[in-house]
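Feature annotations, courtesy of Swiss-Prot:
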- Ser23, Tyr24, His44, Lys118, Ala151, Arg267, Val291, Glu293: NADPH binding site (BINDING)
- Lys118, Gly147, Thr149, Lys203, Asp256, Ser266, Arg267, Asn268: sn-glycerol 3-phosphate binding site (BINDING)
- Lys203: active site, proton acceptor (ACT_SITE)
Amino acid sequence: MSETQNHNSYGKPVEMTVIGAGSYGTSLAISLARNGANIVLWGHDAEHMARLDADRANHEFLPGIAFPDTLIVETDLQKAVQASRDLLVVVPSHVFGIVLKSLQPHLRADSRICWATKGLEPETGRLLQDVAHDVLGDSYPLAVLSGPTFAKELAMGMPTAISVASPDAQFVRDLQEKIHCSKTFRVYANSDFIGMQLGGAVKNVIAIGAGMSDGIGFGANARTALITRGLAEMSRLGAALGAQPETFMGMAGLGDLVLTCTDNQSRNRRFGLALGQGKDVDTAQTDIGQVVEGYRNTKEVWMLAKRMGVEMPIVEQIYQVLYQGKDARLAAQDLLARDKKMER
């Protein structure tokens, strides 16, 4: 009997436990289970999880996509955490620390934690690795999974490529082996733990700006300029934090940025579109119907940039629109009116 079997109560080895049963967490669980691996999916809402188990589908977020037989729906957190050595945390960034605290009492001695959460710590703008270290100490290997991924396309088995990074090289290799488990889901290894976390947060903010630009009606030229200069801002902040420049030309940087800024499956882009069309922040968020990570990310990235002394004019203007009531058109005008300078 394997080590995994000794720890779980399912009578069969569990390859991975996914913590978080929203659209992205569910899609990752489906993708992992589709190739025959036993995958546990845990969510905090017992009624929601009961529907998932009864329907063998997540009709709320991923209608029409059936669960593989090897996907195990679980409501008992202790059973879920102890079922597998490897945990994949897929929750909104503002509850990331809370969720880790709930996991901590149930962790195995050999547990390893990867997250696909994109964002920074609320109110501080700290990287999620710092939150994880505060909660868990240095006892467990940590990793981050990031890249251009829409939940529906992943769950449907459409071709997707992402990256995984960790200070623990063996953990990266193991995750790459476990997640890169089909002909349509490719996983690249990355050594830049900091850059991988940062890209996922900043791209959400720039996507709001791209949506605002399109909502106003500025067109493709303006959208492309925002993406390009947004990448420059992401890279400057990354350099200040010690990230590797090439990370931002990869899946977790340019890849995720282009995806989120150009396709209306992106909640952040749709949120920006609504703002550009004149809706207020509260109405725009309500109309989306799901968490708009970029709203909180904007404040977090803005705080981090201020703390690091990094100039991020696009982030600055989006922050003023979201948190200070500035008109989106005026924000665009102020960006265009900035002093002439060298491109860098």
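The backbone N, Cα and C atoms fix where each Cβ goes, and this holds for glycine too.
Features per Swiss-Prot, on structure.
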residue : record                               : CB count, 10 Å
Tyr24   : NADPH binding site                   : 24
His44   : NADPH binding site                   : 16
Lys118  : NADPH binding site                   : 31
Thr149  : sn-glycerol 3-phosphate binding site : 23
Ala151  : NADPH binding site                   : 22
Lys203  : sn-glycerol 3-phosphate binding site : 33
Ser266  : sn-glycerol 3-phosphate binding site : 24
Arg267  : NADPH binding site                   : 23
Val291  : NADPH binding site                   : 18
Glu293  : NADPH binding site                   : 26
Could you state the whole-number distance in Å separating the C-alpha atoms of Tyr24 (NADPH binding site) and Thr149 (sn-glycerol 3-phosphate binding site)? 9
Among the binding-site residues Thr149, Lys203, Asp256, Ser266, Asn268, whose Cα is within 10 A of the Cα of Lys118 (NADPH binding site)? Lys203
Among the binding-site residues Ser23, Asn268, which residue has its Cβ surrounded by the fewest other Cβ atoms within 10 Å? Ser23
Cα-Cα, whole number of Å: His44 (NADPH binding site) versus Thr149 (sn-glycerol 3-phosphate binding site)? 23
What span in Å does the sn-glycerol 3-phosphate site cover, taken as the longest CA to CA distance among Lys118, Gly147, Thr149, Lys203, Asp256, Ser266, Arg267, Asn268? 16
In all the protein chains shown, the tally of other Cβ atoms within 10 Å of the Cβ of Asp256 (sn-glycerol 3-phosphate binding site) is 27
Measuring C-alpha to C-alpha, could you say which of the binding-site residues Gly147, Thr149, Lys203, Asp256, Ser266 are within 10 Å of Val291 (NADPH binding site)? none
Can you name the binding-site residues among Gly147, Thr149, Asp256, Asn268 whose CA is within 10 A of the CA of Glu293 (NADPH binding site)? Asn268
In the chain carrying Gly147 (sn-glycerol 3-phosphate binding site), residues 6 or more apart in sequence that have Cβ under 8 angstroms from it: Thr160, Ala161, Ile162, Ser163, Tyr188, Met251, Ala252, Gly255, Asp256
Take the C-alpha atoms of Arg267 (NADPH binding site) and Thr149 (sn-glycerol 3-phosphate binding site) and report the distance between them in angstrom, rounded. 13
